[in-house]
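Straight from TrEMBL, the features:
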- A:241-352: domain 'Phospholipid/glycerol acyltransferase' (DOMAIN)
- A:12-42: transmembrane segment (TRANSMEM)
- A:155-173: transmembrane segment (TRANSMEM)
- A:179-200: transmembrane segment (TRANSMEM)
């Protein structure tokens, strides 16, 4: 038994009306402009307002800290000291080499061997994982996201209220809006490409497929409230080329693809991603690999080369780093894509962390958690630079070419050019590895000793 | 979210730092870093004891962990006149030990470089010479080798000992030349120690560099 108060129907009506209004607004202000590539400039205004609020918030925190006479605690990304990257063996060999002029392969114990462990010990005492607590970039101002604030204790009442308001806006207003948009975008993509797939091959089909893709990516961009500034658009990738960019998050794809026509490369997934992939490939040729094919490098290279040589096909979009880096550095580019021999169009993407950190630490968050974090941030602001095309010179090999491209991208984006493999992030230097160092050393000394006593 | 004070580091309001700190030539920012680190290790006390070094997980895997921690409390390293070990050290002492690891500066002349090098080597000498008698005896040498090789559980004590003995004989031959059958080699003195490090540019390797925290390029 339940009592229907006359009140209830009023509430239901109001709800119905507000939803309708919301969707109409959505349609008019967001979806239609996305279809035609027009912008009202709402996002820019939004961004400026937010900036002013953040500055105010930071001033309040600084003032609060000064009143209590405490220093503000700034997090440091890389720790405070530079650790030597050389391994145990190399260092010990180097010290011995520079010492007595003995032959290099008499690894008995030397007086100087103590030095390596001594220095490593002092390094650990000065700075270890405890000081490297923070894995997102250091921020100069607070952006009203509690996940980035380390100075929590200086917040006044006004600031707390503002922060609470921010939470309400982000979770109750922006989040459902964005989810609705994302849903619209994806479903339009799937249906649109499937429909276009039924058309006979020809110019009409190409034209339509390009525009369907573009339209849906634009809607997704608005779903994330991404405010993107494109520089040097005259260098945009052409057909028959490969577009190479640094990789910070899965949304890199959406950001690039909303300003140009690309053919995607990747592995076929199951679930929703798989549905999208299969629909997309009906409209225009993307390069999808089965899981088993991904391991076969020759097959991969061959298919990419075939695609690139066909000038009617769209340029391929590749992220050579292979994993998400936190947008302060560009790690080693894998050389596979540079062996193909096509023109490479480098693109540098740099996110502004002030509005929302786009870095995906895949060992920490899953995809869904990550997307939720993105959708509950204020906005994603980034810059894209299209660099002039590069080709492999005759005297270069693939690795040198890859490094050249990588440096160009790093320089343009203001990123640090690092030599290490991005895979290091996933495997934290395990305890077992550290123990190995000791064992390795004792093997070095003892092993040779046994050889000598045997001979 | 309130005004709870959660272990925020405070700049000490004690007496002004002694002028000896100025000879360390570290920037005030670096001193701040080290101070913060000191506070972490001491858990907000004014001094550190040996037990405080247990809180550093990575240090566990260092085979000469004991000797390194010992070095912090060694009065010879702390430039104090007396002998033996201190029970606890304050921040100034901490900085004094860290100063053994500062990098060389561009504007040092020959004499300064030489003194620099001697200081660093003295630090390493003290690590070997655990009974503070100014000589590294065979037993002390064996001790160090055993510790360094302690990571290998399959290693027998005999092997470690014979390795140490072999190395000690080499050292003797470098320092004293050929010995008669009755001569006993007392131990490696500091001068001999210096001889053995000849040619090794320890001053360019025995340092810990601070990173510069640069501002990161913004987008627009």
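Including glycine, each Cβ sits where the backbone N, Cα and C put it.
From a predicted model like this one, the values you see are computed outputs, not experimental measurements.
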What else in the chain is close to the transmembrane segment (A:12-42), if you only count residues 6 or more beyond its ends and a Cβ gap under 8 Å?
177, 180-181, 184, 214-215, 218-219, 221-222
Predicted model, mean pLDDT over the domain 'Phospholipid/glycerol acyltransferase' (A:241-352):
80
Helix-strand-coil residue split for the domain 'Phospholipid/glycerol acyltransferase' (A:241-352), DSSP-based:
41 helix, 28 strand, 43 coil
